[in-house]
Amino acid sequence: MKSLCLLAIVAVVSAEVYFKEEFNDASWEKRWVQSKHKDDFGAFKLSAGKFFDVESRDQGIQTSQDAKFYSRAAKFDKEFSNKGKTLVIQYTVKHEQGIDCGGGYVKVMRGDADLADFHGETPYNVMFGPDICGPTRRVHVILNYKGENKLIKKEITCKSDELTHLYTLILNADNTYEVKIDGESAQTGSLEEDWDLLPAKKIKDPDAKKPEDWDEREYIDDAEDVKPEDWEKPEHIPDPDAKKPEDWDDEMDGEWEPPMIDNPEYKGEWKPKQIKNPAYKGKWIHPEIENPEYTPDDELYLYENWGAIGFDLWQVKSGTIFDNVLITDSVEEAEAHAAETFDKLKTVEKEKKEKADEEARKVEEEARKKAEEEKEAKKDDDEEEEKEEEEGHDEL
């Protein structure tokens, strides 16, 4: 046990943190550049939200204007390559407003990105994080490969409540990845298999064709099955119980015809029974060959230059809080940082919100009861007033 603890300590000590932002004070505005690409971007403000433990520790930057684009980014202290290393992107998101449509993701870019002109078309290495609009609740993991942005093929569902959640992306040097939400694994896999980064290893043989005599019909009509002679019956017949109305005038109304009814003897279209096809060979499978366009890439994970991170978002309803942004080469460092930030907040935040929700529910219930009592009292007053009016009328 002692050796394991020592290994963990060594791993954290040797870890390199390329970027860390906790938004503990107003100095964040000096580090995060407001894009000037357009003049009506929404404004971020410093806030811990409604429910927190330690305000200075738990505060982050919050979107503050509805129906706005947001664009703000920061440079790392130094640019780096993740060659031969693990890369971890981690941060927290709280959709305190009960978001209906809006992004909560980050874009991690090269160091030469022009942050003053940061916008939706600015190239990036990785885009990661939650995106919600209507029923769609997805964690984006988009990798830029040879100038093209490639979406992950797997569905990862994000959190959509009003609490803080921790999102972690781990890119490994063996071309594998892991997405964690609140410290729990949400998806793992291979970069090659879960993104369309490379051409397919195999393709259908263009020279292969299904033989003309290949029979894929598992069942066929029984040639010996014969339609019964009494099968053909009309679908509808005249109603035998119908009688011409006594006042029916053939000259005025035309020749009377009884209404039609469903024929109880109608059997529908006759079809011969099905039997096993003796010539059935199964479904023909197109043979595959090695794809001459495929070339393996052992460095799908690799980006030679990392140097900036930014929020480029659209939100219909503002109120999302971002905090505890971390870029490191160590999973252990990311876990340690989460333990000092997210883990200390989540329990207290949940308890305070549940208490506030319960108090709000009680207030709402009391208001409902009061409204019902007032409605009932008014009904009694109206009935009493009506009764008095009737008694006065009787006396007259």
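Placed from the backbone N, Cα and C atoms, the Cβ positions cover glycine too.
Of the listed candidates (Y124, Y303), Swiss-Prot assigns Y124 to the same alpha-D-glucoside site as Y105, K107, D131, D312. C133 is paired in Swiss-Prot with C101, the candidate among C101, C158 named as its disulfide partner. When the ranges 29-32, 33-36, 173-176, 393-396 are checked against Swiss-Prot, the one recorded as motif 'Prevents secretion from ER' is 393-396. Within the same chain, the residues at least 6 positions away from C101 (disulfide bond) whose Cβ sits under 8 Å from its Cβ are I132, C133, G134, Q315, V316, K317, listed in sequence order. Confidence annotation: the motif 'Prevents secretion from ER' (393-396) carries a mean pLDDT of 61 in the model.
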